[in-house]
Amino acid sequence: MKKINLKDKEIEKIINNEQQRQEEHIELIASENYVSKDVLEATGSILTNKYSEGYPGARYYDGCEFVDQIETLAIERLKKLFNVKFANVQPHSGSSANSAAIAALVKPGGKILGMSLDAGGHLTHGYKISFSGTFYDPYFYGVNDEGLLDYDVIEKLAEKIKPELIICGASNYSRTIDFEKFSKIAKKVGAFLLADIAHIAGLIIADLHPSPVGHADVITSTTHKTIRGARGGIIMSNDETLMKKIDRWVFPGYQGGPLVHVIAGKAVAFGEALTPQFKKYQQQIISNAKAFSEEFKKVGTKIISGQTDNHLFTIDVKSSFNISGKEASELMHSINITANKNSIPNDTLGPKISSGVRMGTPAMTTRGFKEVEFKKLARIIIELLANSTSSNLESLKLKLKNEVLELTKAFPTKDYYL
């Protein structure tokens, strides 16, 4: 991609250094991706100059006729993608979306039941350092010994706790989520159901994962992971009464003026997601993840839950390579492979060290990786981690880094990916 040219040379240098890092590194962080040139240009447009508190047709500022058109188009495209009646595209992030949705569904101090962090949940699903664990009364469900959701156990827990809200969805769960079963549990105990599909939204759009529409009362997501759009959040529902409450919590509850330039980037990405190419891309993401994980399994590497049904998986590096997640991710970074340490179920090392490393395929699939490249990448990572205490580690790292650079040169970042 073309390097940026600014009058502010300090910022120019840093941005161009980051661009070079992105070009020369293999990106395995499951929550990251590369946007198209069109998304990038819309997000960096003159729309950043316009303030537009409120919603289309009901703004507190004049001169919003064109930003109204953009936000309306984003909403209509999003509704079409997920076949929903109502949508809000203003949240600045997935966390912002969750905060507004939860506030609309539960009063402060109310009970919420979400997935525990070490089992694959997210901070905003009730973790103590998040708003959801500070202003609400959080409880958690986990996974069984196989790393799978046990819906019978979750049902019994819900019957005991009687939460006002159940949150389903995860930031690190590699298997299919049964939204219908969650819905039955929520209805049985009289709870609202919130589906956080931030990681799997693109797969749902492509009909490669069951949709929560028709099962969840409210659906939240980010727009920059598998949707491959501008960074932000969205909220959807088929319940008009709930959606009106959510809209009020987004604005004026938690946010002021929306980021119109980001909403434009979201709208462009939603348009791209409506194309046949987008479904092929999502299919390749899953095929790559399966091939990638199977290559690790060939040498006995432990995959949490045993396999992947989606775009990510986590390897237990502690039991497989006798190395912590922090050490493993730092080693990988030293040879230009970017991933992230991640807690695993019943992790004894804590989130800052952890026993796992999460692997995601969306970003490198965008750059053109197929199964053969991911298999080669797995072998590079295995060789690195298996020799973490070798006396020849530095020379090995140099060799493997050169192999990584060969891959990144063969699959450069491009101006347009579709």
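A Cβ is built for glycine as well, from the same backbone N, Cα and C atoms used for every other residue.
As annotated by Swiss-Prot, (6S)-5,6,7,8-tetrahydrofolate binding site applies to L117, G121, H122, L123, with the evidence given as sequence analysis. According to Swiss-Prot, the feature N6-(pyridoxal phosphate)lysine maps to K225, an assignment based on sequence analysis. The feature site 'Plays an important role in substrate specificity' is assigned by Swiss-Prot to H224, with sequence analysis given as support.
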### Task
List the Cα distance (Å, whole number) between L117 ((6S)-5,6,7,8-tetrahydrofolate binding site) and K225 (N6-(pyridoxal phosphate)lysine).
19
### Task
Tell me the Cβ neighbour count for K225 (N6-(pyridoxal phosphate)lysine), meaning other Cβ atoms within 10 Å of its Cβ, over all protein chains shown.
27
#### Entry: DSSP state at L123 ((6S)-5,6,7,8-tetrahydrofolate binding site), helix/strand/coil
helix
### Task
Would you list the other residues of this chain near (6S)-5,6,7,8-tetrahydrofolate - those whose C-beta lies within 8 angstroms of the C-beta centroid of L117, G121, H122, L123 - in sequence order?
G114, M115, S116, G120, T124, H125, G126, Y127, S130, A170, S171
### Task
Run through the Cβ atoms and count how many others sit within 10 Å of the one on H122 ((6S)-5,6,7,8-tetrahydrofolate binding site).
23
### Summary
Counting across all protein chains, other CB atoms within 10 angstroms of the CB of L123 ((6S)-5,6,7,8-tetrahydrofolate binding site) number 17
### Set of same-chain residues at least 6 away whose C-beta sits under 8 angstroms from G121 ((6S)-5,6,7,8-tetrahydrofolate binding site)
G114, M115, Y127, F140, I167, A170, S171
### Query
List, in sequence order, the same-chain residues at least six positions removed whose CB sits under 8 Å from that of H224 (site 'Plays an important role in substrate specificity')?
S31, E32, N33, V35, A230, R231, G232
### Query
Within 10 Å of the Cβ of L117 ((6S)-5,6,7,8-tetrahydrofolate binding site), how many other Cβ atoms can be counted across all chains shown?
24
